[in-house]
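Student: Pulled the feature table from TrEMBL, pasting it below:
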ACT_SITE  Asp416  active site
BINDING   Gln227, Lys243, Glu264, Ala347, Thr348, Leu349, Leu350, Glu421, Asp436  ATP binding site
BINDING   Glu264, Asp436  Mn(2+) binding site
DOMAIN    311-525  domain 'FAM20 C-terminal'
REGION    78-113  region 'Disordered'
Amino acid sequence: MRRRLQTLFQRKFKVSLLFLLLLAILVHLVMDLALPAARRSCGCDAKTPKASGVPSGNPVLAGSKKLSLRILQDFSGSNGSLEKSSHPQGAGLQARAGEPGVRHQSGEGNVGRTEGSKLAALFEHPLYNIPIPEVTEKDKLFVVNPMENTLFLCPKPSPNPEFLGKAETLLPTGKTAYDTYPAWLKFHIGINRYELYPRQDPLMPTLLRDLATQRIVSSVQKSGGTQLKLIMTFPNYGQALFKPMKQTRDQETPIDFFYFSDFERHNAEIAAFHLDRILDFRRIPPVSGRLVNITKEIRDITTDKKLAKTFFISPAGNVCFYGECSYYCSTEHALCGKLDRLEGSMATLLPDKTLAKRRSWRSPWRRSYHKSKKAEWELNPNYCAQVRETPPYDRGHRLLDLIDMTVLDFLMGNMDRHHYETFEKFGNDTFLLHLDNGRGFGTHSRDELSILAPLRQCCSIKKSTYLRLQLLATQPYRLSDLLREALATDPLAPVLAEPHLRALDRRLGKVLEVVGRCLARADRSEEVLVDDMGSRV
């Protein structure tokens, strides 16, 4: 009898184990069916962003395991907030679905675009409503699956098994409606071959507001560069590049300073974004000013040990820090708040390079960065002819785009344009990214005409750019008035001192004079004004 009971018990125990095993298999099958997109292969071309090899600072591996798994969760709910989940750890969330973005004003969604304003009138002008070419799937930086509203990035397989198991081929994973994505992710999705963001962009107010007000959950130093910059992370995984205030608005760069010895100015980054938008280039990621609490929003939450060691209290009782960099990072160049409050610019970060690879190009008109040597373009008056025969300037509109950037730099007095970047996916047929504008707006009492060398030597400019410059020189659309109005909406207003605004009108006149001299020498105006509008007007 006892043996029969033991045998019966053993059989029931085995059946129970088998049942539990089948139940576990069933649960896994249900989970796999719930996330079909995670197993689906996607057809990406050879230029698709790679994810092989995870760079240092990659949040998928650098953060906690919970944080890595969070990358695979959808952003449904309010805005994908981490308010109730674990906070970011490690060296920052630098490679999330791309470096987060915060978008700025333009079109219907423009901050500061009020009834009867000059900005409103400008953006309704026909020259600001020239349509871009039709955007096809191959013209988009990222693709949203129309059936599931899922963002596909299609990186190549990574040799790292942990990365394969947790990040795989798409971000975010799951059937998440596009409307529930945080604003920075929508910004990244909207980037295409022809523009960084559209003129009529309802995202701009939200992006600007996020930059200025979102709670900062992580603050670490950005590596590289000659001056201190920080990567700030928000609860919704958005990120921004923080450039702290180094000098007051009324300070001018001393006349004896070399351009490479100049400070980077936080207010120049803010003003450059708005100026770029007014010129209708839209090639600078959105920027907003912000007043940061050094103690609570940097020192107390940083996981950067090197940065943490550089905080101190000044003799005046203010909180200061200086970080580590190759040039201006020392107690003599410390950044000090008023007590612990410090102004700075918060700039949208572009998608991480592991997801959207960018190519850096050396500018043909790069300066020598030497105290006594001159660059070739400063010595050779026929330098442009040489550039025109050199790829990628020998075809397409790359040279004209570079001249657009030249106009922007001259208006704000930026002599530090040694490189520029493009998205590699789009090849040569795309816009240039106007990044790193902190050395603009350093002087207002003098104009650096050498910045206009590409325009003066090549005597070519886009017809649309020239017509807009002419428009901005007229009284109803005076450039200084437009920029003043745009900057009035920034949290740190006034962003520029009045002399800098007045200098814009003077410099705009000089740009038009250079084009006028080119037109006077040319046999046909088409040789100078290159038609980039065609049948789209």
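Glycine residues also receive a Cβ, built from the backbone N, Cα and C atoms like all the rest.
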Student: Would you find the one among the binding-site residues Gln227, Thr348 whose Cβ has the most company, meaning other Cβ atoms within 10 Å?
Tutor: Thr348
Student: Let me know the largest Cα to Cα distance in Å among the ATP-binding residues Gln227, Lys243, Glu264, Ala347, Thr348, Leu349, Leu350, Glu421, Asp436, as an integer.
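Tutor: Looking at Gln227, Lys243, Glu264, Ala347, Thr348, Leu349, Leu350, Glu421, Asp436 as a set, their Cα atoms extend up to 20 Å apart.
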Student: If you count the C-beta atoms lying within 10 Å of each candidate's C-beta, which of the recorded positions Glu264, Asp416, Asp436 ends up with the smallest number?
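Tutor: Output over recorded positions Glu264, Asp416, Asp436: least Cβ neighbours within 10 Å is Asp416.
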Student: State the count of C-beta atoms found within 10 angstroms of the C-beta of Leu350 (ATP binding site), not counting that atom itself.
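Tutor: I count 24 other Cβ atoms within 10 Å of it.
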Student: List the Cα distance (Å, whole number) between Asp436 (ATP binding site) and Asp416 (active site).
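Tutor: Checking the Cα atoms of Asp436 (ATP binding site) and Asp416 (active site) gives a distance of 9 Å.
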Student: Determine, to the nearest whole angstrom, how far the Cα atom of Glu264 (ATP binding site) is from the Cα atom of Asp416 (active site).
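Tutor: Cα-Cα distance, Glu264 (ATP binding site) to Asp416 (active site): 10 Å.
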Student: Between Gln227 (ATP binding site) and Asp416 (active site), find the distance joining the two CA atoms and give it rounded to the nearest Å.
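Tutor: Given the Cα positions, Gln227 (ATP binding site) is 14 Å from Asp416 (active site).
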